[in-house]
Structure formats: structure tokens, C-alpha cells
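Here is what Swiss-Prot records for this protein:
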type: BINDING; residues: ASP8, ASP139; note: Mg(2+) 1 binding site
type: ACT_SITE; residues: ASP8; note: active site
type: BINDING; residues: GLU67; note: Mg(2+) 2 binding site
type: ACT_SITE; residues: GLU67; note: active site
type: ACT_SITE; residues: ASP139; note: active site
Amino acid sequence: MAIILGIDPGSRVTGYGVIRQVGRQLSYLGSGCIRTKVDDLPSRLKLIYAGVTEIITQFQPDYFAIEQVFMAKNADSALKLGQARGVAIVAAVNQELPVFEYAARQVKQTVVGIGSAEKSQVQHMVRTLLKLPANPQADAADALAIAITHCHVSQNAMQMSESRLNLARGRLR
């Protein structure tokens, strides 16, 4: 069993999603958004750090998964996003959580099957995969999708390791 915290970083809205993985079964534990309504960036970063720390304390995740920075057309926006990611990662590292990063295209490909999927498609698939009664908020759905991606990637890595071990022992032909 593992609890995974997914984070969709943003300087104004940071989505989070928490799921439990038992074997191949995924279950929803919680999700939402950390909203920073103050104007100055240092105060927003402080709120993101405090919010992520509180979520970690509440859910006690085993793994922390976050979306990688994409190349934005606006350099200022990309820098602010990078800083928001940074404080979220520091919150995880301060709690000694292993951090995993996933590209947005990889997350969409894993959850929807199309790397260029729309937000509404991600929301629908997250709802379906986690058997939720309604679509989660867009940023929370993205965070849940990041957590789901971590489960799939780590499960595939474990299966590959087991196959290599069996091959080394001469069990696969």
C-alpha cells in the first residue's frame, strides 16, 4: 500500500490530489486547491509552502509527485511557476518524502491516452478511474492525474525489475 500526493503547481492556484494504491487498485483520499489571494509573490510562496506542508501532515503520503515546468511563452510566468514548484518540493523534502516529476504530456498520455488531451478530458478520466461522483476542479484533477501517473510509472518499473530478475535467474524463456 502507498499513499501518493500529486501537485499541480501554480503561483495563484496550486492543485493537490491524494490517492491510495493497493496493488493495481487506486482509491481517492482527497483533493482541492491552495488559493493565494495576496498580490506579492513572497507571500504567495509562503502560503503554498504552508498549504503543502499541512496536506502532507494530514495525509502522511509515501510519495510526492509534481508536474515539471513547461516552457511558457511568458518568461515571468515561467519563473513564478518555477518558484511555486520549488517551495512545494522543499515542503516535501523537509518531510523526507521522495519527489518524482512528470511532464504534462506524460500525465495526459497516461491518464487519457492522448498527450495533447484537454483539461475536460483529464477531469473525466480522473473521475472515471477514481470512481468519483463528479468531476473534480480542474487544478485538483490535474494533481490527481499526476498521482495516478506516478502509480502507473512506478508499477511498470517494478514489473520491469521483476522481469529482469526472473530473466537473470533463468525463469523467462
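We count from 1, first residue shown onward.
The backbone N, Cα and C atoms fix where each Cβ goes, and this holds for glycine too.
Overlay of Swiss-Prot feature records on the structure.
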{"residue": "ASP8", "record": "Mg(2+) 1 binding site", "DSSP class": "strand"}
{"residue": "GLU67", "record": "Mg(2+) 2 binding site", "DSSP class": "strand"}
{"residue": "ASP139", "record": "Mg(2+) 1 binding site", "DSSP class": "helix"}
Practice task
Pop the Cα-Cα gap between GLU67 (Mg(2+) 2 binding site) and ASP139 (Mg(2+) 1 binding site) into the table, whole Å please.
Solution key: 11
Exercise for the section: Could you measure between GLU67 (Mg(2+) 2 binding site) and ASP8 (Mg(2+) 1 binding site) for me? Cα positions, answer in whole angstrom. Expected result: 6
Problem - Sequence-distant neighbours of ASP8 (Mg(2+) 1 binding site) in its chain (C-beta under 8 A, six or more apart) - result: THR14, GLY15, TYR16, GLY17, ILE66, GLU67, ASP139, ALA140, ASP142, ALA143, ILE146
Exercise for the section: Taking the Cβ of ASP139 (Mg(2+) 1 binding site) as the centre, count every other Cβ atom within 10 Å, in any protein chain shown. Expected result: 24
